[in-house]
DNA sequence: GGGCCCGCAGGG
DNA sequence: CCCTGCGGGCCC
């Protein structure tokens, strides 16, 4: 297996990944049916580029300022507020979360509920992201108060909500498997069918460059084999055995119709069905660790492309597409305590009313295709 | 639009 | 304390 061209190798890998997805009942055809608008017509790019940022505080850092959390509950809508952009490094620099001293006691930490907006089920995270983490990301299953479909502008915001702690890393390790993973592109032979996907592990990247050309990067192209000694990969391997659910977030860079147009979105819980190794799409064909994920049944349907939560508030239980009588009731486990609603009839997410979004942002993010 | 630092959170 | 990791902004 050395004579394959890049494209041939790519096709072979994708075919293999799809075949594995088929073993858990997922096919591309089924995926194509789901939404009315699977294929996205070319859209006209709208400005949307500027990352409006919630106004931090006029004063970069002021000592006094105790408990910043009492911020305005309302806030609402992600008003662009025109200018005002996250001035990265040069500006304030010291962002100092945790405000003054008061580091979390680590062991025992008062839960401290999220803001009203969060509990109410805001699909957007604006205005309610805590300055410092209020919940423990090192727990399996859903994060209390964070609904499926919650969206963040950045990985750091997602981290603050404890859904996926690392800011760069894609996998969070735990004793009985990974707590969470992030799908953000980066590997061309990963296949995302929404209800399931294949995922590539960590390691084998040349972050420090070469001796002659030293670098200090956070991500880089594959330069060696990935192995199971890698703590991230082994964690996902344990997930296969433990069957513990893994929180999944999809990022805007993911080349998939299930990727959010912007930012990062919590897509609920998945289980890792299988772990294996295969040749990656590297010129040298380095080995990569791969994993087969399957979405836990009974969760809100995944939005496609630009359609986040739309207005479809309660679409009743019209058992549409894939839903097909799954519902298992308690199968979803503690997805949330809602004893009254016997059926899944929309557990959470989906409802809510988008403040102003209306998201037309189709953001065409074309399918890969590069790398000819 | 690509290259390049550099901050953040976790683990060893 | 050092290193790693599917970010992200800035500069070129």
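Residue numbers in this text run from 1 along the chain shown.
Placed from the backbone N, Cα and C atoms, the Cβ positions cover glycine too.
The shown structure was predicted, so the numbers you read here are calculated from the model rather than taken from an experiment.
Annotated features in TrEMBL:
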COMPBIAS  A:40-55  compositional bias 'Basic residues'
COMPBIAS  A:117-136  compositional bias 'Basic and acidic residues'
COMPBIAS  A:210-232  compositional bias 'Polar residues'
COMPBIAS  A:307-333  compositional bias 'Acidic residues'
COMPBIAS  A:334-349  compositional bias 'Basic and acidic residues'
COMPBIAS  A:350-361  compositional bias 'Polar residues'
COMPBIAS  A:362-372  compositional bias 'Basic residues'
DOMAIN    A:141-295  domain 'YDG'
REGION    A:28-142  region 'Disordered'
REGION    A:202-232  region 'Disordered'
REGION    A:299-372  region 'Disordered'
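Here the compositional bias 'Polar residues' (A:210-232) has long-range neighbours at 168-171, 173, 178, 186, 200-204, 277, 280, 282, 286-289, meaning same-chain residues at least 6 beyond its ends whose C-beta is under 8 angstroms from one of its own.
Confidence for the domain 'YDG' (A:141-295), expressed as mean pLDDT, is 93.
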